[in-house]
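Below you'll find the structure, written out as structure tokens, and then a few comments.
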Amino acid sequence: MQQTVNIIKVGGNIIDNESKLTTFLTDFAQLKGLKVLIHGGGKVATEISKGLGIEAKMVDGRRITDTETLKIVTMVYAGLINKNLVAKLQSKGCNAIGLTGADANIIPAHKRPVKEIDYGFVGDVEEEKMDGVVLSALLKSGLSPILAPLTHDQQGNMLNTNADTIASTVAVSLSKHFNVNLIYCFEKDGVLDAEEKVIQEISKPYFAELKEKGVVIAGMIPKLDNAFAAIDKGVSSVYIMHADGLPTLINDSKNTGTKIS
Ligand SMILES: Nc1ncnc2c1ncn2[C@@H]1O[C@H](COP(=O)(O)OP(=O)(O)O)[C@@H](O)[C@H]1O
Ligand SMILES: CC(=O)N[C@@H](CCC(=O)OP(=O)(O)O)C(=O)O
């Protein structure tokens, strides 16, 4: 039987809140089995940019990343956030190793081609080049990889890449070696319907309907697109749920949040 890996993605709203982050990392450190953490941090990057006099520009949930912004996101994601997460997890007994997509060529990408919009140094992942071999070896040696939302263009440049996309592509590449569960953690109880109730299971047609009605908007649209892409490409299960639900889902094997079907 194949071993199971839990791939957890955590976004900027949890990372930016000290008490929510502490709870999340305590739970992550105590999760049973093999695990990978993908972190975002868009909110922190926006605040730091602002402090440096650079106004963040987002289009369809993606940051327009010019030369100065690339320097900021590289410092914030690969340095400040990634290394603090690693240090905190080490203090909780989790043997974490922090990496970007450039390290060991884990996530090759290319600069997004300019069409109507020039996103600058934003990476589109070359999923077909990802074989999951390095991450698999790290997991089998007892380490928990902590991945920052940065890729590289294989010509010497770092690229800023949406963390939800990193989570989905890493999950797909690891599903060649393991049974993979992908879990998107955020600050709400799951995908909410028009009455703000948690949708227990969401299908593609229902997602299309909710998008059409304006019930699913903003960052939840690319999150669900990435979630469905992972399921279509061989990931065993995908959930979108509150960060507090991790022990319930993984350690107690009880459903919580929204399951992608
Ligand atoms: N129907 C919905 N249910 C839940 N959240 C939604 C919905 N539609 C939009 N959202 C928004 O999507 C956000 C999550 O996406 P995003 O901002 O990318 O978060 P993260 O940084 O955690 O990945 C939530 O904070 C919420 O405001
Ligand atoms: C290209 C692009 O938009 N990259 C994202 C990467 C961080 C991220 O995805 O953070 P959250 O998960 O916290 O939103 C950004 O710079 O905002």
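Every residue, even glycine, has its Cβ placed from backbone N, Cα and C.
TrEMBL names Gly41, Gly42, Arg63 as substrate ligands; from the candidate set Asn157, Asn160, Asn179, Asn181, the record adds Asn160 to that same site. Taking a Cβ distance under 6 Å to any atom of ligand 2 as the criterion, the recorded positions Lys9, Gly42, Lys223 reduce to Gly42. This prediction places the mean pLDDT of the domain 'Aspartate/glutamate/uridylate kinase' (6-241) at 97.
Of all Cβ atoms in the protein chains displayed, 24 besides its own lie within 10 Å of the Cβ of Lys223 (site 'Transition state stabilizer'). Using the Cβ center of Gly41, Gly42, Arg63, Asn160 for substrate, the list of other same-chain residues with Cβ within 8 Å runs, in sequence order, Gly12, Gly40, Ala45, Thr46, Thr65, Val73, Val76, Tyr77, Pro149, Asn162, Ala163. Ranking the recorded positions Lys9, Arg63 by how many Cβ atoms sit within 10 Å of each one's Cβ puts Lys9 at the top. If you compare every pair of Cα atoms in Gly41, Gly42, Arg63, Asn160, the residues listed for substrate, the longest distance is 12 angstrom.
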